[in-house]
């Protein structure tokens, strides 16, 4: 027979109601009943148990013996009993008469009936053993039952058979109970007996009840637990009280298991008391937290209600209006000063929006959109223009104060002012300043605004890829804002500011549109009088705005946008201009920023010249400014360190030995001091360098020597004089000159561009343009090998495609020129020539090196030197014609920097050269040519020596 054994450590409420103690009013430890003899049962198998003539004991309600821990054994049936099991819904009722030892127990019947009412129709039935040493036939059933009622704990356990039946209460008819067996039960252990009248147990249970009552006051969930328990389980007694308290507490599973395993009722109550006490503390903390939050919320609600009442009272008294009325009044107040200047179509839109604002709820999203829209509309300076300055002389003075040079830019601004003075009004223009970095494109925009007495606004479009930055967002978008121009007008407060659009050549393009195309409407004089921003959705007049754009490379600006601009090129500054800028602007500003007085430092012209030529050759002056700031920072640190070294009260002097050296240095060393009463700190300057051939060692001695200390009279006299001269000690000026410039800015960055004092055969100096300005470069040619029909050209120097094509053209033109000048010279037909352009690490490209390459090749073929101090530039065609080039000013500056005396330019660039300043053209012998034969005559004149 197959058996399934399951150890139960906790019973369901329905089962626990029958196997755990009964009500507290129960007098007997166990409820007993005699189980009717099930006579006449049809025995379906040989293993069926015969219960006829035996008494069964039901574990039901008992308060003294405690719970019964049982072992459940699943009853398996064979094939013959399957029919009976499948009909478990039908009770097996005995048809035989009642047994002779039948007894009726009212308490047992009441307990069984109560179990059925509480939806727990189960009971445990155990057969009672005969009393040891007695004859069952001689003992009546009543006497045996009385003996059973008197037993408790283990004594009772010993009188019951270990294996019983878990039976379902099918029906109760009078004093007859019909049961259906489901599982076997095996008793393994019983609760320890206890005295229900024990004072300690009572006190502990009362404390548990008191604590539970306090917890129940704070938690409705606990009250529901009590109602459910009493409904399904019954009234409380000591064991049930302990079990219930532990079950509904917030204890963890191990603590609940500890209560479940404890068979001693008193110890179980103590464990439960600890758990409910902890639960009480948690409830108190929860209550305090809830109370604090409730007080905070109620306080805020109270404040809100009081504020609303206050608003209502003020509104009733006419002291304050509501938010919508106040907003409308604020917007109308903004419009009043310039209401006559606002275009009618804008006024109409504003009135419509104000009317809509009054109809909207303040809590709606549309209200916020309308409020922000009105805020922008009313904040713009409609028709409000600043008074412009039409004084040309004053404007000239302001421009000269801020910038040195830039004559063409200043001239264009003065022309703009002159036209405005004659017309009585000025129109907006679009000026584009192009040039290398650091030449002052951005800063000159601010100076122009100051000269014109206009408000200044700057924004950069470098990397801009969203059209909404220019034209604004639609109002329906979350976080929508107007474009940059509307923000500009709101910030400056006038309708005719100067707007500087920086880095216009670096406009981006992304998925959000093409900003360059969007700027066409902004910068087109024919369209910006009715510029339409997506956010405002009303035309704005930008015709009075002066736009100044900046760019490094004009070629990077889209052609439609460039067509709307007036380009002014700022080529850069020559050395003389940089000297003036450094002396008059940069040095003065840096000295004031570092807190150094003019009498404390001197930067010589030689130092500035060395700084410009060896460290800052760029076309602009930004790098020059950085180096000047670096010099003054080091000077400031040097002065502070010297001041700190002279702070101690005990002054120290340097006594120079021998005496002759002291006498020789007395004139050079100027030591002055301020009286101690003035509180000035003596500062010793150590930056002034003494250049002497003799190395002098100095010993440091204190000036306050004791009177009895021996010293020679000369030292004592010198010490006394120095002590007396402390009142006249002052700071010696720090001198920065070309010999010590490296101590402040480090080693030179640039070296002389001129490699040759006199260029050898096959080498010619050319002129190039870069983004940082102009520079000189050499074209070098050399013969690789010679032989019949080996004429070829080899190129090196990291040349670009255009420059490679120029070299090929130069080789062809050079062969034609050589054939013309020396018909019997087959040099190019029989020689492999190598052409190189230093430096090899620098990429080079451009068409203007053609004439230089031809000259270098002809110098190598004719073995003639080119004219000394000669540089040239120009593009050459296959027929020998010279085409114009760009960057005339930059290339001229580079030639002057390399001490070039003779320059060859294309004739088409003569106008560009004539526009240069006189100080740039001074001392230069410039030749303007149309074809290469003219260059040949200049480069290889009769006065040139023939090289060997």
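Each Cβ is built from the backbone N, Cα and C atoms, and glycine gets one as well.
Annotation comment: TrEMBL describes 848, 891 as active site. What TrEMBL records for 435, 436, 437, 438, 439, 440, 441, 442 is ATP binding site. Marked as compositional bias 'Basic and acidic residues' by TrEMBL: 711-724. As annotated by TrEMBL, domain 'Lon N-terminal' applies to 1-280. Positions annotated as domain 'Lon proteolytic' by TrEMBL: 758-942. Summarising the annotation, TrEMBL assigns region 'Disordered' to 676-724.
What TrEMBL annotates, mapped onto the structure for a quick look.
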residue : record           : contacts (Cβ under 8 Å, 6+ apart)
435     : ATP binding site : 441, 552, 569, 570, 571, 572, 619, 620
438     : ATP binding site : 618, 619, 620, 621, 622, 623
439     : ATP binding site : 570, 571, 572, 573, 619, 620, 621
440     : ATP binding site : 403, 406, 570, 620, 621
442     : ATP binding site : 458, 500, 502, 550
848     : active site      : 766, 767, 768, 769, 873, 874, 875, 885, 886
891     : active site      : 767, 768, 769, 774, 873, 903
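The ATP site, placed at the center of the C-beta atoms of 435, 436, 437, 438, 439, 440, 441, 442, has further neighbours from the same chain whose C-beta lies within 8 angstroms: 433, 550, 552, 570, 619, 620, 622. When averaged over the domain 'Lon N-terminal' (1-280), pLDDT in the model lands at 61. With a 10 A radius on its CB, residue 437 (ATP binding site) counts 14 other CB atoms from all the protein chains.
All protein chains shown were included, and the count of other CB atoms within 10 Å of the CB of residue 441 (ATP binding site) stands at 26. A 10 Å cutoff on Cβ-Cβ distances gives residue 436 (ATP binding site) a total of 23 other Cβ atoms nearby, all chains included.
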